[in-house]
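J.: Annotated transmembrane segment per TrEMBL: 12-29, 41-60, 66-82, 94-116, 136-154, 195-215, 236-256, 276-299, 319-342, 362-382, 394-412, 418-436 (among others), in sequence order.
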């Protein structure tokens, strides 16, 4: 069955399973990859090195934000374009996106390398961990071209409905990264530098595989004649990708806030605990984002084709699946948080293990309703309503959590970090429900 016919006629649950499973696995593997880096660093270089890598998370999120500016924008634009049978326009988007990824990554590297040390201090590095933070962040910034290329090209492939192919690209890169992590850290003794370098090599492998597919096998191919970006095409990509970019930049600012508060209260150990909590929570968030990426072509195609019944069905099933998954993960974290924390070297530091376990339980309190909010915010992006998507993302990832964390910190100290985020999730959930309800009433 042709991809186009699948999007039009195949049963929604089956279609979601077909397109989302590879995307979910891809995002899950991505989050596992981040966790593996931290596990290897904690076990091979120590908790202090882990706190340095945690500080570097802000830079990683900035890079990911700019990559999603192109990745999410191009994927959504291509899905909408193919839904309108505009293959020529889709190929222009492919070419422009790849070119923009090179240009943007070059700018990020040129600007980022000289600014790395001030950025690490801004993100909460202290005298103990700044060396490790610098090692990790400078390697990531230097390899930004591979990061942006891999993210952009694989998202384009997903937007065309070839989520399985994108998953293969990411899976191969993660295998490479994991093997090199072990070799660089435990055999060569490269520590934090080895973890960062293996990540860059993994991204390079993924990017090369994705570009090869776009040049040879995709329905909207990467052609040299389309690699000169047009202003109109670039505006389309950037306008659609802005909500996803805002979300990641907001996460970066949230990371900055949490690092500073943690460092002020408990020093490097508290920052390391935050890094552990964040890594575990991302193992929950990333599959939900993968589900969203999987349904993106279904929603984008059917909405642009004015098939609002299938659009609504896709949204409903997606929310149900995301909510069930998050609820199960919530139960697992509440029951097994001590065992989870031990994986990150907690066994060698009982105090860190106890603190991280308790904080992980607090941070996960809002998980049962997070799935709805994440899918809802992405839904508005997929149908081209970027204002709503930006507002929802900014409220949940930036305005509410930072406000609550800073306010609660003055009253209850470190605990303010761990309950500020769940409170903001509950408020953002209510706003998302109201906006989704309004949208559904308009498209009856």
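Each residue, glycine too, has its Cβ placed from N, Cα and C.
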J.: Looking only at residues six or more beyond either end of the transmembrane segment (362-382), which have a C-beta under 8 A from one in the stretch?
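T.: Residues 72, 76, 79, 240, 243-244, 247, 277, 281, 284-285, 288-289, 291-292, 295-296, 299-300, 303, 315, 318-319, 321-327, 329-330, 333-334, 388-389, 392-393, 396, 415, 418-419, 421-423, 425-426, 428-429, 432-433, 435-436, 439.
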J.: Apart from its near flanks, which chain residues at least 6 from the ends of the transmembrane segment (12-29) lie with a Cβ under 8 angstroms of it?
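T.: Sequence-distant neighbours of the transmembrane segment (12-29): 6, 154, 158, 161, 163-168, 170-171, 174, 283, 286-287, 289-291, 293-295, 297-298, 310, 313-314, 317-318, 321.
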J.: Taking the transmembrane segment (136-154) as reference, which of 41-60, 195-215, 276-299, 319-342 has the most Cβ pairs under 8 angstroms?
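T.: Looking only at 41-60, 195-215, 276-299, 319-342, the most contacts with the transmembrane segment (136-154) come from 195-215.
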J.: Which of 41-60, 66-82, 94-116 has the most Cβ pairs closer than 8 Å to the transmembrane segment (276-299)?
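T.: Ranked by Cβ pairs under 8 Å, first place goes to 66-82.
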J.: Most CB pairs under 8 Å with the transmembrane segment (41-60): which of 66-82, 236-256, 394-412, 418-436?
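T.: It is 236-256 that shares the most Cβ pairs under 8 Å with the transmembrane segment (41-60).
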J.: Checking distant contacts: for the transmembrane segment (394-412), what same-chain residues at least six beyond its ends satisfy Cβ-Cβ under 8 A?
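T.: Apart from its flanks, the transmembrane segment (394-412) reaches 246-247, 250-251, 253-254, 257-258, 261, 373, 377, 419-421, 423-425, 427-428, 431.
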